[in-house]
Each structure stands twice: as structure tokens, then as C-alpha cells.
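Listed in Swiss-Prot for this protein:
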SIGNAL    1-29  signal peptide
DISULFID  Cys38-Cys64  disulfide bond
DISULFID  Cys50-Cys75  disulfide bond
DISULFID  Cys54-Cys77  disulfide bond
Amino acid sequence: MAKNLNSVSFIVLLLVLLVASTEILKSDAACFTFLGECGPEPFTGSNADCLACCVALYKSPPVCAGRVEGVPAHCHCYKS
């Protein structure tokens, strides 16, 4: 029984190391680091308007999303 448990533990450890070393779980779509706010308060536009404001303020490479959030509505800019 202990021999089987050790084998399973070893295989699980190898799989974890494989996934970590090849960055299989790393997503290019991850966009959750807060960059800053943009536009007036309260922000009356849509998410598309918010993204356009963020790109105009912070430029395109760092900005990956703009979302209208909060009460009152704010335009929040995010980078990956």
C-alpha cells in the first residue's frame, strides 16, 4: 500500500513540475492588474468608451481592458 502511495505521489509531483516548467496554465487573456482610472466621475459611457479612454491615456500596449465599475460608475483601466 505504501509503495503504491509513494508512486502516485511521485507521479503527481512530476506532473506539477511539468505544468510549472512549461507554463501550460499561463493565460494570455489574463487581464486583472489595476492600472488606474480614466474619464469623468461618474463615468456615463460604456465599457467600449472606457477602453478607448484608457488607451488614449495610457497607450495601447500596457492597457488590455477598460471596465465601468463601482457606484458611482468609474472607468477602471487594467493591464496584463
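Placed from the backbone N, Cα and C atoms, the Cβ positions cover glycine too.
Long-range Cβ neighbours of Cys64 (disulfide bond) (same chain, at least 6 residues apart, Cβ-Cβ under 8 Å): Cys31, Tyr78, Lys79, Ser80. In the three-state DSSP scheme, Cys77 (disulfide bond) is classed as strand.
In this structure, the C-alpha atom of Cys50 (disulfide bond) lies 8 angstrom from that of Cys77 (disulfide bond).
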